[in-house]
Amino acid sequence: MSKKLHIKTWGCQMNEYDSSKMADLLGEYQGYTLTEDASEADILLLNTCSIREKAQEKVFHQLGRWKTLKDKNPNLIIGVGGCVASQEGKAIKDRAQCVDIIFGPQTLHRLPDMIEQVRRGDKAVIDISFPEIEKFDRLPEPRAEGPTAFVSIMEGCSKYCSFCVVPYTRGEEVSRPLDDIILEIAQLAEQGVREVNLLGQNVNAYRGATHDGSICSFAELLRFVAAIDGIDRIRFTTSHPIEFTQDIIDVYEDTPELVSFLHLPVQSGSDRILTAMKRGHMAIEYKSIIRRLRKAREGIQISSDFIIGFPGETKEDFADTMKLIEEIGFDHSFSFIYSARPGTPAADLPDNVDMEEKKQRLAILQDRITQQAMRYSRHMMGTVQRILVEGPSVKNPMELRGRTENNRVVNFEGLPKHIGTFVDVEIVDVYTNSLRGKFIRGEDEMDLRRSLRPAEILAKRKQDDELGVTQFKP
């Protein structure tokens with residue numbers, strides 16, 4: 001009988017990535033298979049997020065539900081990871097006696113060892129340290145699950161915005177070596193991945209060591225990734241305006257693999273609030289970045305993050321945010337009402353904005369962004385869009401689902417052979433959260449760059465050597 005693993009994940013895309021690595025780690029080294037049913041699992045892992053208010057209480061409520069499962073099965077192992085574990089490790093140990101393992105984002109690679117400690121009788125094994133980039137050296141080889149993949153290029157953040165817990169829960173910025181990233185992406189490309197999304201709390205702060213001891217910038221990394229055979233699209237998230245430098249903007253001008261879509265959080269359009277947030281830039285500097293981006297890449301679309309009701313936010317401050325939204329023409333946003341995070345400088349500021357006022361402002365902002373997004377979508381009517389087909393449609397499995405460069409989901413009638421490839425579709429209808437497409441042509445009719453996968457290169461070398469025609473020279 002196979003051993004079962006259940007993972008519940010809350011929070012950002014980095015957490016989703018970490019959870020997938022936990023599954024790979026325990027699957028390869030200990031033979032666990034994933035299950036959606038917590039009641040049949042031998043190990044339960046909760047990967048937590050501390051960004052939103054009452055994150056800790058949400059964790060304890062979930063652990064209370066899992067405790068009933070452990071009461072029935074004393075051999076059940078329960079682990080808590082992620083940012084709440086980093087922040088509240090001792091509190092979890094004290095309040096939730098059912099928890100066996102507490103680990104941070106940087107120590108998930110030690111899970112097999114921690115599980116063995118529990119099996120030997122140790123109680124509440126805790127490891128929430130920050131051992132820099134060690135975890136990537138201990139993870140199994142990447143495994144593709146479809147034509148798109150996430151690849152972590154760095155961990156942590158050193159910006160210390162006044163509202164944010166990330167530097168305290170994930171540590172300061174640490175970049176992975178260039179060669180490790182390129183190898184992982186090449187392995188994914190060999191498995192059929194066509195699009196990679198480079199992950200980090202602040203990806204444009206990437207400074208990775210190279211094999212010769214020099215440092216690779218984020219702009220240089222983007223060009224290296226674009227040169228990998230099989231990779232035809234590159235996305236990245238998340239970035240910070242103060243390090244969105246001209247060399248990164250230049251990549252948009254000469255690297256077509258980099259999509260015409262950027263998520264660049266601004267949080268507020270008010271200079272006064274940006275200063276209180278310790279963002280390190282003003283609204284005019286953000287607008288300058290977007291202006292230069294649109295000069296380098298015509299038609300690029302921008303999404304952002306907004307915090308509504310930050311302590312001291314006045315009606316004038318909010319008006320500045322709405323003005324910025326109109327000037328930039330954001331296509332999408334992640335917008336939230338401010339919630340104080342314990343241990344951050346902003347938590348000590350007087351929260352003097354009425355909650356009803358916050359809710360009204362949030363509704364106004366989200367309504368404006370939705371209007372702008374629909375306007376962009378309507379402009380796509382009748383155009384031909386190149387999409388990467390990711391799989392069957394969510395609502396109708398007899399149809400296919402793909403994604404445009406500007407991150408819109410398109411559903412269309414097509415053949416299963418198109419999954420994992422690019423197709424051109426004409427946009428024939430527009431909905432709030434998706435588009436409707438009509439199939440025009442498949443990849444075999446496109447003028448795409450000919451990709452030579454590593455296996456083909458090796459086969460060609462072997463054939464040439466056997467024939468004595470050529471000799472491979474690196």
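Yeah, the Cβs are placed from backbone N, Cα and C, and that goes for glycine too.
Listed in sequence order, the residues of the same chain lying 6 or more apart from C49 ([4Fe-4S] cluster 1 binding site) and placing their CB within less than 8 Å of its CB are W10, G11, C12, N15, A55, G82, C83, V84. Sequence annotations record features per position, and here Swiss-Prot assigns [4Fe-4S] cluster 1 binding site to C12, C49, C83.
Look at Swiss-Prot and you will find C157, C161, C164 tagged as [4Fe-4S] cluster 2 binding site. In the three-state DSSP reading, C157 ([4Fe-4S] cluster 2 binding site) counts as coil.
Taken from Swiss-Prot, the feature domain 'MTTase N-terminal' covers 3-120. Secondary structure of the domain 'MTTase N-terminal' (3-120) per DSSP, as helix, strand and coil residue counts: 64 helix, 25 strand, 29 coil.
What Swiss-Prot records for 143-375 is domain 'Radical SAM core', and it gives sequence analysis as the kind of evidence. The predicted model assigns the domain 'Radical SAM core' (143-375) a mean pLDDT of 96.
Per Swiss-Prot, the feature domain 'TRAM' maps to 378-441.
Sequence-distant contacts of C164 ([4Fe-4S] cluster 2 binding site), defined by Cβ-Cβ distance under 8 angstroms and a gap of at least six in the same chain, are C157, R341, T344. Take the mean position of the Cβ atoms of C157, C161, C164, the recorded [4Fe-4S] cluster 2 site; other residues of that chain with a Cβ within 8 Å of it are K159, Y160, F163, V165, V166, P167, Q201. Other C-beta atoms found within 10 angstroms of the C-beta of C83 ([4Fe-4S] cluster 1 binding site) number 26, with every protein chain shown included. Assigned with DSSP, the residues of the domain 'TRAM' (378-441) fall into helix, strand and coil as follows: 5 helix, 33 strand, 26 coil.
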